[in-house]
Amino acid sequence: MPPAPSQEQTKLAPEKQQHISGHGEQAVRYHGWKVMPYVIGNETCERLGTIGTTANLLVYLTTVFHIPSAAAATLLNVFSGTSNLAPLLGAFLCDAYLGRYATLAAASIASFLGMLVLTLTAAIPSLHPPPCASSSSTSCQGPTHRQLAALLASFAFLVVGAGGIRPCNLAFGADQFDPATAAGRRGIASFFNWYYFTFTIAMMVSATLIIYLQSNINWAIGLAVPTALMALSCALFFMGTRLYVRVRPEGSPFTSFAQVLVAAARKRRLPAPASPADDLFDPPHRSKLVAKIKHTDQFRWLDKAAVVTAEDAVVDGMSAAAANPWRLCTVQQVEEVKVLARMIPVWSSSIVYYVMLTQLGTYTVFQVMQSDRRVGRSGFEVPAGSMVVFNMVALTAWLPVYDRAVVPALRRVTGREEGISQLQRIGIGLALSVATMAVAVAVEQRRRGAGGGSSSSWAWMVPQQAMAGLSEAFAAIGLNELCYKESPESMRSVAGALSPLALAVASYASGAMVTAVERATGWLAQDIDKGRVDLFYLVVGAMSAANLAYFVVCALWYRSKNIADHGGVELLQTSSKHNADAPPAMAV
């Protein structure tokens with residue numbers, strides 16, 4: 001007799017299930033890596049289409065729309081912050097109502113429309129101000145209300161696209177692998193590495209070729225190319241529709257979390273249950289979406305939400321339920337809140353980490369601008385803004401080695417499918433961030449010791465950028481994988497929004513930190529040779545070291561989600577001929 005379908009399989013839309021003949025049960029045809037050309041192709045083209053454009057928007061606003069630099073920078077900060085906060089709303093709508101497929105479909109179309117409108121603002125003369133009559137900024141005409149409305153409309157579409165794509169793309173790709181098989185679980189881990197590999201390749205192409213087309217050839221052409229890539233992204237996504245595994249949403253997870261907090265607060269004066277296994281409301285687990293989580297002894301005060309009192313009424317039926325879920329919650333609901341509560345401290349360590357990356361990236365550009373940027377005797381000068389490429393090169397060069405050589409070797413030593421745990425991977429990345437800032441301090445002191453200015457070569461800044469890329473390969477990917485695997489299945493898209501949220505907080509914190517340090521110390525002068533960037537780097541490095549210590553404490557305290565052996569549904573071990581889970585060799 002074949003085993004019953006898995007929790008992951010039974011939660012899927014009927015059109016993605018295949019019938020097991022003779023038994024009337026449903027199973028899922030996971031296509032695994034066969035679907036990745038559509039999933040990763042969609043993500044790569046989307047990144048190529050949007051990253052290069054948004055990275056160069058400041059130049060576009062100041063040179064084509066003639067918006068003053070301060071106003072342009074403010075507009076872009078608002079756009080960037082909103083783009084990083086929008087994924088929270090997108091993730092909520094995805095997990096509660098739309099599902100990942102519908103959210104990605106709508107968001108991809110919105111991104112394409114945003115790119116199309118932005119391209120039209122450059123291609124149609126009436127949608128942007130006329131060229132300046134002379135080099136004097138006072139002779140430049142600013143945008144009209146109609147032109148500004150077209151520009152803001154493109155930004156609005158791009159924000160909607162970011163709000164849907166950023167929290168869902170990783171989770172949607174991981175959904176295509178069978179979590180009930182060892183090959184499927186390895187495929188999920190490998191997919192996270194592949195995702196960042198293609199992501200950084202797209203960033204490198206955007207930071208070089210697309211920006212060159214926009215700045216040196218023609219803005220209309222430079223924007224039309226990424227728009228065409230975004231159209232290709234949409235086409236690739238919809239081409240794979242028949243093959244996708246689609247997870248159905250089952251309502252807002254935030255309502256359940258709120259019920260636990262309210263019920264626990266109402267019963268805060270009750271004594272802690274003497275025997276949680278017997279004294280807490282734990283009806284049979286019937287959910288086909290969320291796996292049954294075992295009771296844990298952390299955050300015991302939350303257990304009071306599941307204590308049955310004389311005032312609590314229970315409705316009997318096929319599955320017992322509380323008559324008032326705002327007074328009585330199940331153990332499953334309580335444990336889901338505990339999972340999130342354990343994850344938040346670990347996630348919070350990423351904020352300081354992203355502050356480090358932001359400050360290093362900004363002031364490396366300033367260092368290079370005041371260094372000798374010539375390459376050989378050709379007369380070619382390295383663009384200061386292209387230094388981020390070395391960060392990306394290090395990351396993309398390391399990920400194939402890590403995925404195809406290091407992980408298998410570690411697997412033989414540790415016995416873990418992913419080689420090392422996500423927490424260990426994050427810890428290594430944070431340790432590398434401290435080492436990166438130490439190198440940055442030493443390089444800046446050497447640059448100053450050599451006299452500053454053009455007496456020092458730009459190449460001295462390459463090692464710190466490469467080390468930052470390596471730290472991202474550990475910390476950023478490990479964090480995203482941890483959030484996906486540890487979060488309750490009903491809110492994995494919300495988990496995908498945590499990294500953009502950390503980036504948004506880090507962006508605001510970085511701006512505030514620069515302002516505070518400059519006002520208090522004068523270290524960050526316009527001419528960095530007159531300031532003390534090395535001391536600023538030292539402060540950022542000390543913050544990174546403190547953050548590493550904080551993370552270690554959080555990691556030692558952390559307890560992974562513990563799934564019950566029998567959560568109401570047994571795991572189905574599907575055969576390999578129906579499951580293309582084995583990861584392919586990662587070509588370089």
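Yeah, the Cβs are placed from backbone N, Cα and C, and that goes for glycine too.
The compositional bias 'Polar residues' annotation in TrEMBL covers 1-10.
Summarising the annotation, TrEMBL assigns region 'Disordered' to 1-24.
Per TrEMBL, transmembrane segment is recorded for 101-127 (among others).
According to TrEMBL, the feature transmembrane segment maps to 147-165 (among others).
Feature annotation from TrEMBL assigns transmembrane segment to 194-213 (among others). Proximity of distant same-chain residues to the transmembrane segment (194-213), defined by a Cβ-Cβ separation under 8 Å and at least 6 residues beyond the stretch ends, is recorded for 36, 40, 43-44, 47-48, 51-53, 55-56, 169-170, 173, 221-222, 225-226, 385-386, 388-389, 392-393, 395-396, 399-400, 403, 469, 472-473, 476-477, 586.
Taken from TrEMBL, the feature transmembrane segment applies to 219-239 (among others). Beyond its flanks by at least six residues, the transmembrane segment (219-239) meets 37-39, 41-46, 48-50, 52-53, 56, 60, 64, 104-105, 108-109, 111-112, 115-116, 118-119, 122-123, 206, 210-211, 213 of its own chain at Cβ-Cβ distances under 8 Å.
Annotation comment: TrEMBL describes 351-370 (among others) as transmembrane segment.
Annotated transmembrane segment per TrEMBL: 382-402 (among others), in sequence order. Within the chain carrying the transmembrane segment (382-402), a Cβ under 8 angstroms from the stretch's Cβ atoms is held by residues 193, 196-197, 200-201, 203-204, 207-208, 211, 361, 364-366, 368-369, 373, 375, 458, 461-462, 465-470, 472-473, 586-588, all 6 or more beyond its ends.
Residues or ranges marked as transmembrane segment by TrEMBL: 494-515 (among others). Here the transmembrane segment (494-515) has long-range neighbours at 77, 80-81, 83-85, 87-88, 90-92, 95, 162, 166-171, 253, 343, 347, 350-355, 357-359, 362, 476, 479-480, 483-484, 486-487, 524, meaning same-chain residues at least 6 beyond its ends whose C-beta is under 8 angstroms from one of its own.
Here TrEMBL flags 535-558 (among others) as transmembrane segment.
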